[in-house]
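Undergrad: Dumping the structure here so I can ask a few things about it.
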Amino acid sequence: MGDNTQLRSDEEQPPPAQIPLLSSNLQNDAVGALHQRQQEIRTSNRLDDSLEYLERFLTCLGFNQSSLLSFSLSWAAFTVVGVLVPVLALELSDCDGCEMYQIKNFEVGIVASQACLAAVSLFCISFNLRKYGIRRFLFVDRYGGQMVRFTDLYVKQIAASMRLLIWWLLPCFILKTVREVIRILYVQHDSRWISVAISVPLTLSWTYVSTISLSASILFHLLCNLQFIHFDDYAKLLERESDVMVFIEEHIRLRYHLSKISHRFRIFLLLQFLVVTVSQVVTLFQTTVYSGMINLSNGGDFAISAIVQVVGIILCLHAATRISHRAQGIASFACRWHALATCTSTDACLRHSNSLGSMEPLSQSNLLDITFSESDLDSMDYITMPTTTQLASYMSSYHRRQAFMMYLQANPGGITIFGWTVDRGLINTIFFLELTLFYDLGGWQVSSKFEFPNYTVGWKVGKTTIYILQFPT
């Protein structure tokens, strides 16, 4: 009896070797989960730091108007720095015989166009930031648990956008500074320091309003690039998954967010295009009506302001066109996936119907990796026809993919402005409208002028001669 009891107790005790093995596996899983959690925290912190830096930068420019105090300070600073300071500086810099280096009417028109464009940018962007916040505005929190694998790409895009702003703003700032130095050297006031005191506020005001207008375009460019990341991931999803409902749900989500971006920025894009077009038309009329000589000294601000305005429009149109064509290209990629799935499913069904009782579902990786040899043609005589169940499963899968294709063709997606998709067709329309506008405004006789004895190079528009380079003898 004692021997039987001892035997049962020995049988009930687990083997000694299994306990360390089980605890070792649990410990490895816990360490792996802890390491993954720490990595997620570090990645999330990097994104938080980038967003905080971006938010501080936007706050310095006056885009953060979340409270009544910040709203009042932002617009007060814009009114003083962007409008009153350059107007007062131009009034103080007015002098007799300075038209060779400064034309007051030109300067006032340039200040007005820059202030209008900056006001449009400040109003539209601050409204969206106040309503949604920086994270919802950039759509960086909508993926929840999946956001970790996009965080590094988010951080890189934010850093690239800040570099893009610097690379475009810095050359324009250098040109503006050179132009102001020329004016200081040649515009005669009672003292050279008076010229410096006038030029420095003008340069600072121009930098402020130009940074505001370019930052708004950069934000739209950043937002489109962030969505481009998700469309790239959606294209990879077609290679990983085979469930059509997953594709449709994800595409509905992406298209919904593109429509939200279009709704938030349509007023900004329209007003930006309108302000820049009116500014260029006014500039064209001013230079045409003016009968004197225009050179880089008195008309250089026209070129500098035009560069800033056109760069802002190009950044917006490039980003919108890129994401629109990427969204429309998903249909082409999905059609290729549908064709490969249809062809390979039929051939695989015929090849394996003899050996398999039912047709196994094929993943996208299997569809792309299937190869055919010459021996397959010889074995076709020995393959029986698939069963009714196999054909029904195949036809059901085919109809689901076909419905997905019809959905993509009917819902291409992209950035829209009141129903107009921003793509190459719209850009061509804008280009020809602008070309027609400038062609119909005059009937000018454009001619070049080269007077090498006087070192004068330029062209003539109507009765106005615009000199690019002039050195008096």
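Each residue, glycine too, has its Cβ placed from N, Cα and C.
Dumping what TrEMBL says about this protein:
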TRANSMEM  68-90  transmembrane segment
TRANSMEM  110-129  transmembrane segment
TRANSMEM  164-186  transmembrane segment
TRANSMEM  206-226  transmembrane segment
TRANSMEM  267-290  transmembrane segment
TRANSMEM  302-320  transmembrane segment
Undergrad: Restricting to CB pairs under 8 Å, which listed stretch, 68-90, 110-129, 206-226, 267-290, is in contact most with the transmembrane segment (302-320)?
TA: 206-226
Undergrad: At an 8 Å Cβ cut-off, counting only pairs 6 or more apart in sequence, do the transmembrane segment (164-186) and the transmembrane segment (110-129) clear the bar of 3 or more pairs?
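TA: Counting Cβ pairs under 8 Å (6 or more apart in sequence), the transmembrane segment (164-186) does not reach the transmembrane segment (110-129), since there are fewer than 3.
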Undergrad: Which residues of the chain, 6 or more past the ends of the transmembrane segment (68-90), have a CB below 8 A from one of its CBs?
TA: 59, 62, 104, 107-108, 111, 114-115, 118-119, 122, 126, 198-199, 201-202, 204-206, 208-209, 212
